[in-house]
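Participant: So Swiss-Prot says this about it:
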- 202: active site, schiff-base intermediate with substrate (ACT_SITE)
- 212, 223: 5-aminolevulinate 1 binding site (BINDING)
- 239: Mg(2+) binding site (BINDING)
- 254: active site, schiff-base intermediate with substrate (ACT_SITE)
- 280, 319: 5-aminolevulinate 2 binding site (BINDING)
């Protein structure tokens, strides 16, 4: 019997039908993998659209409660809350973030009351939204971010957020020693079960641009003395390993799409879950292309999220969390 000249190995066999492709899929994307970032602003009477992020708003307390309930009903895995205070409440040390009556802590209590343990309630643990200079920390007399003074404020922020009902605190300022200090502070205050999601590898990225509008940032200058250089993968792994040593329960890479190599490397070394943040600029980029009918928004979003999961992210923060949950179910 003569051998066929055609290939015996035909990978297309495993792509022949929808059912076959589903059976052999190597990467899953489910609503539970997704976390919805949400913004809540003080002093507004109705949701305020964020022009650079079409479809995303700064919520009032009431609209936040409705949107959060809808996200939970859609099956989204968690909610990450950012507070936007009034300009007159900002100061040099971010006091509004620690104030129990500050917008973020009040909103956390609202959602903790409404949702209980039906979702994972996360809080951004940083000062940039609350400072009049827009930096992620306390400035010294030369105008530089004072690492240790900032970490002390982060501990106060984290404890205030835990007291308000956060299940997860997310230190995002990239200060040295922040995870260990926050862990010690939470434990001393009795919040031993509150999870720390460490922004372990946060790069100084151009893709944060729309976020500055989202939180009404007062920043002038840049954050390159504490956020990482985009080309430094080995440094990112060092930061991840330091945060793991300090007790991080989850480590995150931010942004996501331009840093999938770092996500993959983090997944290789991390014994705890790895998260990745599909940031505002990534969202705006796809939305703009879709608005011009240059790409199919749904297909592009699901492909991008699948790529982040394929790289090794267990959790993906995305402004499409609710939309994607609907598309996936």
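In case you wondered, yes, glycine gets a Cβ from its N, Cα and C as well.
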Participant: Look up residue 319 (5-aminolevulinate 2 binding site) in the DSSP assignment and reduce it to helix, strand or coil.
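Facilitator: The three-state answer is coil.
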Participant: Among 239, 254, 280, 319, these being the recorded positions, pick the one whose CA is nearest to that of residue 202 (active site, schiff-base intermediate with substrate).
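Facilitator: Minimum Cα distance from residue 202 (active site, schiff-base intermediate with substrate) across 239, 254, 280, 319 lands on 254.
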Participant: Give me the count of other Cβ atoms within 10 A of the Cβ belonging to residue 202 (active site, schiff-base intermediate with substrate).
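Facilitator: The answer is 26.
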